[in-house]
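What TrEMBL records for A:ALA59, A:GLY60, A:ALA61, A:GLY62, A:THR63, A:GLY64, A:LYS65, A:THR66 is ATP binding site. What TrEMBL lists as domain 'UvrD-like helicase ATP-binding' is A:38-319. Here TrEMBL flags A:320-587 as domain 'UvrD-like helicase C-terminal'. Residues or ranges marked as region 'Disordered' by TrEMBL: A:704-725.
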Amino acid sequence: MNKNDSSPFSDDFGLPAAKHNSLSARARASVSVQGYLTDLNEEQRRAVETLDGPVLVLAGAGTGKTRVLTTRIAHVIASGKARPFEILSVTFTNKAAREMKERVAGLIGPVAEGMQWLGTFHAIGTKILRRHAELVGLRSDFTILGVDDQLRLMKQVIEAERIDEKRWPARQLASIIDSWKNRGLTPAQVPPGEAGIFAQGKGAKLYEAYQERLKTLNAADFGDLLLECLRLWRENPDVLAQYQERFRYILVDEYQDTNVAQYLWLRLLAQTRKNICCVGDDDQSIYGWRGAEVDNILRFEHDFPGATVVRLERNYRSTGYILSAASHLIAQNQSRLGKTLRTEEEDGEKVTLTGAWDSEEEARLIGEEIEVLQNRKHALSEIAVLVRVSAQMREIEDRLVTLGVPYRVIGGPRFYERAEIRDALAYLRCTNSFYDDLAFERIVNVPKRGLGDATIQMLHNYARSTGVPLMEAARQMIETDELRPKPRQSLRDLLTSFSRWAKMAETMPQSEVAQTVLEESGYTEMWQKERTADAAGRLENLKEFVRSMEEFPDMQSFLEHVSLVMEANEGEGEDRVSLMTLHAAKGLEFDTVFLPGWEEGLFPNQRALDESGRAGLEEERRLAHVGLTRAKRRAKIYFASNRRIHGLWNSTVPSRFIDELPEGSVEVLDAPAHYSHQSRFDNAPAFSSSYGTPGWQRAQAYNNKKSDNHQSYRSQNSSTGRGAPIIEGKVIARSDNSGDASFAIGERTFHMKFGPGTVAGVDGNKITVDFDKAGRKMVLESFLQKNA
DNA sequence: GCGGGATAGTTTTTT
DNA sequence: ACTATCCCGC
């Protein structure tokens, strides 16, 4: 990021912790910090130096927000105002937490190890809850449920209430409860009007039942890790006071992503000392759909009167054109606090815009462009393709595979969410505790042991009526003859195994126990028998799982790590192109960024528009802004005129966001592919082989169009497709009527994909056509042919 | 209890 | 078009 990333005072801070606590060390340190501060720009410096009282830092993309946070922590410690364990520092992701810890360590040395309250909201919430578990009806060794456990539990609750699970799916209940938890609402606090939105008025009741079940199972879901903290503090002011006392300084990263529960959590903690510093960017708020409240930022000054607000507007990441494109775009949003990013970098390359016929061509163009960069020795790790929805990834992946360009997909299922990991985990949980019903249920018939629904149902009934856990129910039932001989024997064997493994766990290191459990249970064998490509990957994951256990002192701490932190790090450090969604890209940066799929309906996403109206559109626009600002030197936007959505071909129209880019910062490129078709025309064999293919016909249609229509969005005079002139004043897909409308309503026309039709409406170069076969569509004028 | 055909649902995602 | 999940017949 900044040029001064290597700390000039890291030597001074690389002191052993004990020595650092001496006054002279502090004095020396603070002198060094002064030196360090001079390398910050004026605003950054103000954000770091204003230690006392509430501070809100509005940090635009690439303005050095992490740098401010870490320097601020160093500054608090160096100035002697608080010791590392008296600083609360929260992030959203484990990755951000890890990075912050590393960077703080880079500034102050090993003392950073003392920052035990640096972590995600959830990790810190867990830590607090374990200390006071009994006050919220849990034991300190409570389990943290994953989504699958949650869903299974939710199903049981729905069934217990005799509600038809078909009509009222558990998924839906889960998301409703989740949103209540995001808003900090306990079952009793759910507004009466909302309590009934599920299953004819049973919503709140089911929520309550679910919470009760969690307590019986000694379990918490992710929402509880925050919500139960709130309850703990509200019901036990003395406990709250303890933490208010302890956390002398509070720092919050990505504040725009906090939901109401997190906001309340922070507010309770910050109430007394008010030394809270929140860093965020309203223009990068892209998680509204999962409960993030941009309002938290907007109401900061109201909640903390007299707060210092610092705006970081100097961008150290991107070149001029990219920044002006991003700024111009985001300026269209109404609800924002308003910042203007500026850079002292050169203008650099313009943002490019390329139209493709369809998504396949789009993928091909991106692939070709990546190859060009690769040939120029551009590091692949500095290239990213950012898509709106993961469904877009497949075609791009296919293309990269064909070209042999190494790539990595970021995001996707987390390591600990994969079935094999959850299964292995369930085995260990059962070994660890005979009370873990959810875990037992998960693996009781994995691998198949002939213990199907009927048997499980009997166990459930028995367990419920006698009030014992499932495993205990099983133990008792195998002594009766209620079960048929086969399942009875299976169950007996399984229980015997679990007691054997539990005994083993008392003396053996946990990784060996795990290895034994997975083998003796037949779990590993199950995957070995399945000779598919992904079975091999799963076995590999299991190995990694067992291996990673060795680093933990005991089973308990390992289980915690897995449920909260564990993640896969495949192909990290290798030179690969990154492929991910725009959401996953936040916080990252690349020299070159490809942005495919800028089409109405896809981006901005129709569903976001339908569900959230203007707010939805603005969030989509922020997403576009995030995408553009990931680029350091090159941003390349693409759109396709035809895209398959849910299997059906749709004609699409370029995104309105394209219209919102400043013309001077954008260069409209021809799709070079059209010219490669043209060049095949010159050598006969290639030509004849491609004659009659859709691609060739497309090229023909395009060329015809181009020669008789001067309003074509493609530039007229480029011959190579590279370095095409900018079309000043004619950004494509204008929605005003300034161009000559070359089609009249009622006119017959022909479209390569949809066939013949009648023009039903004209809006600039977007034409609405009633196709004889395909129905009404809006298409770009340049893909229509006039019918004689 | 298991495997194969019907069926529904497909934005974004962390913890 | 693709997939994950469900349901039924064996």
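Cβ from N, Cα, C; glycine included.
Here the structure is a predicted model, which means the values were calculated and not measured.
Under DSSP, A:LYS65 (ATP binding site) is assigned to a helix (H, G or I) in the three-state scheme. Sequence-distant contacts of A:ALA59 (ATP binding site), defined as residues of its own chain at least six apart whose C-beta falls under 8 angstroms from its C-beta, comprise A:LYS65, A:VAL68, A:VAL279, A:GLY280, A:ASP281, A:LEU312. Taking the mean position of the Cβ atoms of A:ALA59, A:GLY60, A:ALA61, A:GLY62, A:THR63, A:GLY64, A:LYS65, A:THR66 as the ATP site, the remaining residues of that chain whose Cβ falls within 8 Å of it are A:VAL68, A:ASP281, A:LEU312, A:ASN315, A:TYR316, A:ARG317. Ranking the binding-site residues A:THR63, A:THR66 by other CB atoms within 10 A of the CB puts A:THR66 at the bottom. All protein chains considered, the CB of A:ALA61 (ATP binding site) has 26 other CB atoms within 10 Å. Taking each Cβ in turn and tallying the other Cβ atoms within 10 Å, the top scorer among the binding-site residues A:GLY60, A:GLY62, A:GLY64 is A:GLY60. Of all Cβ atoms in the protein chains displayed, 24 besides its own lie within 10 Å of the Cβ of A:LYS65 (ATP binding site).
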